[in-house]
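J.: Heads up, here are the entries from TrEMBL:
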BINDING   B:CYS313, B:CYS316, B:CYS319, B:CYS373  [4Fe-4S] cluster 1 binding site
BINDING   B:CYS323, B:CYS366, B:CYS369  [4Fe-4S] cluster 2 binding site
DOMAIN    B:303-334  domain '4Fe-4S ferredoxin-type'
Amino acid sequence: MTRGTIQNRDAFLQTIAERLGRAPRLSGVSRPQWDCAPQWTVFAGYSQDDLLNVLQKQCGLIHTDYIETTSAELAGALRRQVAAYGGGPVIVPDDPRFAEYGLSALLQDEWPAEQTAVHTWNPALGRQNIDAAEQANVGIAFSDITLAESGTVVLFSRNEQGRAIHFLPKTYIAIVPKSTVVPRMTQAAAAIHEQIEKGGLVPSCINFITGPSNSADIEMNLVVGVHGPMKAAYIVVTDR
Amino acid sequence: MPMKIENGPFWKRVEENLQNDFMRGAVAGMQDRGYVRRLGVIEELGHWEEWRSLAEQIRKHTLENLDYYLMQLSENVAKRGGHVFFAQTAEEANDYIRRIALEKQAKKIVKSKSMVTEEINLNPVLEAIGCQVVETDLGEYILQIDDHDPPSHIVGPALHKNKEQIRDVFRRKLGYTKSSDPVELARHAREMLRRDYLTADIGITGCNFAIAESGSITLVTNEGNADLVTALPKTQITVMGMERIVPTFEEMEVLVSMLTRSAVGQKLTSYITVLTGPRDEGDADGPEEFHLVIVDNGRSSILGTEFQPILQCIRCAACVNVCPVYRHIGGHSYGSIYSGPIGAVLSPLLGGYDDYKELPYASSLCAACTEACPVKIPLHELLIKHRQIIVEREGKAPVAEKLAMKAFRLGTASSSLYRFGTKFAPSAFAPFVEDGRVTKGPGPLKAWTESREFPAPSKERFRDWFQTRQKGGNPS
Ligand code: SF4
């Protein structure tokens, strides 16, 4: 990674320090212990089942279809949901979890055999991935962390999982392993922060996605589906 | 669009806007519904006062150590291959961005909503070198195609327009043939803008919160436009006010929770996106080049003064949404892209008292704004400080402004009174009313009612007051 440039910093920070009436502070500041931490009290002590209930209720508020299934039934549930959204083309990341969750046959044989085109994100194909995402009717991805309170799926970008999968298709389906569900954004932020403290690099894009795209810019009427997907579904896998 | 909206003197703007019934109805509806939604999510969350204290503490600590956190941020952006440009002035920021556009031979630029790029008036600079600049937030898009109609609210910029007006603009400018149904209008915008995302050379965004520990920027939207603006074009430029920064992901999370609840009554908006540097090596989308432009443009002169708390602002507009004065006069009356209580405090600081000396008087000092503010900015106290400074500068408060203060205070002497709405006020004044006129007022009204009759507070009391004032001559 080539280091980027930084311009005009010294004078800029000097001005700030002067205004604050002290010498510049360029190192040695640490985050204080904040006086209170109300964010950690939300759904404290909830079981995984309690959290699923919260998630399900929230999905009603965010115009998101909520489906519960098991890993044995997942392929069927996914096939039905894609059909309900009007079928293919489908775009998916190149994610080993598709095989682990028994979806390889669906992706590689069954859908193609019935003319449902499946594009698997492949970084070697460059811009073609974006064209495929633009043409896709459904984008499908696995949630990395799921926030019960807000009904949010968290997705980390990687070479095999481009950003456009979540935004360009007309509809969107997130597969949510039950074990990924946490109370709220607090737990996700803490986990990411911990990785950074350990010297880890955050991916170039982290998406917190909560239902389909919407806008209230016209007379404050909620319009679901503006720039991103117009419909969204979460398929929760209860035994994973 | 620069920060200043050129539309005549303050009192004239107020008068014109009081005649705009659609706008006033829209604002009132937004405030009433927004109020209920916001209180609903706050109640559901629980411990709101603790949340506010925490958010305030985070913002204060960050501002007190702003040089440190900007240092850390810029180091981390550079480590990830991004370029950082510190711009003391609007011109420096615009010059830098123009240079990039020239270097990339950019023809088309897509933008997601950004108040700071409005403030520095970036679009004309890019248009002057032949770039087509497309605003992609639906509200901003509507305003842009309507010959750059100014925004009237910091979160919902097109709040003052009704759907028929929007349909007509779409017909005139976009060859639109369908109805005024918001869904059809939005779908049309979706189709128009899709092409723009896919063919743009540069994407420009604002920044809700930069995260110092990782060199990331956080974007908060409902439409998903910021995601397309940053996923597709080869170059991304993010412009941030220098104070929009937090130490770590953990503080970002707290402030995002406050922002989405306070702004739109949602637990989280549909898309919260944290971007770090350009695309990772081997990625097939995301920008190849990332530039972060950190803008001062008058903010550092607020640091170290009694107005420093205004830099805690997270631009949620909760203060706007509870303001009884904004309710009546609407966003355009403020003559600034920053309207409502936040605008009345910030615009004079960034734009100077010459242009904005009336704004601190466009307030009833009822403190509803201060109570609503998720980061505990004492907005009404800052308005009083402005007034003190203005009085010192001018030698005295102009008569008109004294009257304004009294008028705005009417029936809104405390935020709890306002909470019960305008209906409550008239009965409080009942003993003093004869034929719909206040003849002998309590407290602050006394001096005023001694010399002339004052219109009784009613559902339309503010408007009545202006009509009365008009009959009595022009005070400005
Ligand atoms: S001043 Fe407070 S309430 Fe107003 S926009 Fe800023 S943060 Fe929100």
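Glycine is no exception: its Cβ is also placed from the backbone N, Cα and C atoms.
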J.: Report the same-chain neighbours of B:CYS316 ([4Fe-4S] cluster 1 binding site): residues 6+ apart in sequence with Cβ closer than 8 Å to its Cβ, ordered by sequence.
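T.: Result: B:VAL155, B:MET258, B:LEU259, B:SER262, B:ALA263, B:PRO374.
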J.: Please report the distance from the Cα of B:CYS313 ([4Fe-4S] cluster 1 binding site) to the Cα of B:CYS323 ([4Fe-4S] cluster 2 binding site), rounded to the nearest angstrom.
T.: 16
J.: Determine, for the [4Fe-4S] cluster 1 site, the additional residues of the same chain whose CB lies within 8 Å of the mean position of the CB atoms of B:CYS313, B:CYS316, B:CYS319, B:CYS373; present them in sequence order.
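T.: Close Cβ neighbours, site residues excluded: B:SER262, B:ILE314, B:ARG315, B:ALA317, B:ALA318, B:PRO341, B:ILE342, B:CYS369, B:ALA372, B:PRO374, B:VAL375, B:ILE377, B:LEU379.
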J.: Cα distance, B:CYS366 ([4Fe-4S] cluster 2 binding site) to B:CYS373 ([4Fe-4S] cluster 1 binding site), nearest Å?
T.: 13
J.: Quick one, of the binding-site residues B:CYS313, B:CYS319, B:CYS323, B:CYS369, B:CYS373, which Cβ has the fewest other Cβ within 10 Å?
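T.: Among the binding-site residues B:CYS313, B:CYS319, B:CYS323, B:CYS369, B:CYS373, the sparsest Cβ neighbourhood within 10 Å belongs to B:CYS313.
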J.: List the Cα distance (Å, whole number) between B:CYS319 ([4Fe-4S] cluster 1 binding site) and B:CYS369 ([4Fe-4S] cluster 2 binding site).
T.: 4
J.: Please give me the CB contact count at 10 A for B:CYS366 ([4Fe-4S] cluster 2 binding site), counting all chains in the structure.
T.: 24
J.: As a test of reading the model: what is the averaged pLDDT for the domain '4Fe-4S ferredoxin-type' (B:303-334)?
T.: 94
J.: When DSSP is mapped onto helix/strand/coil, what comes out for B:CYS319 ([4Fe-4S] cluster 1 binding site)?
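T.: The three-state answer is helix.
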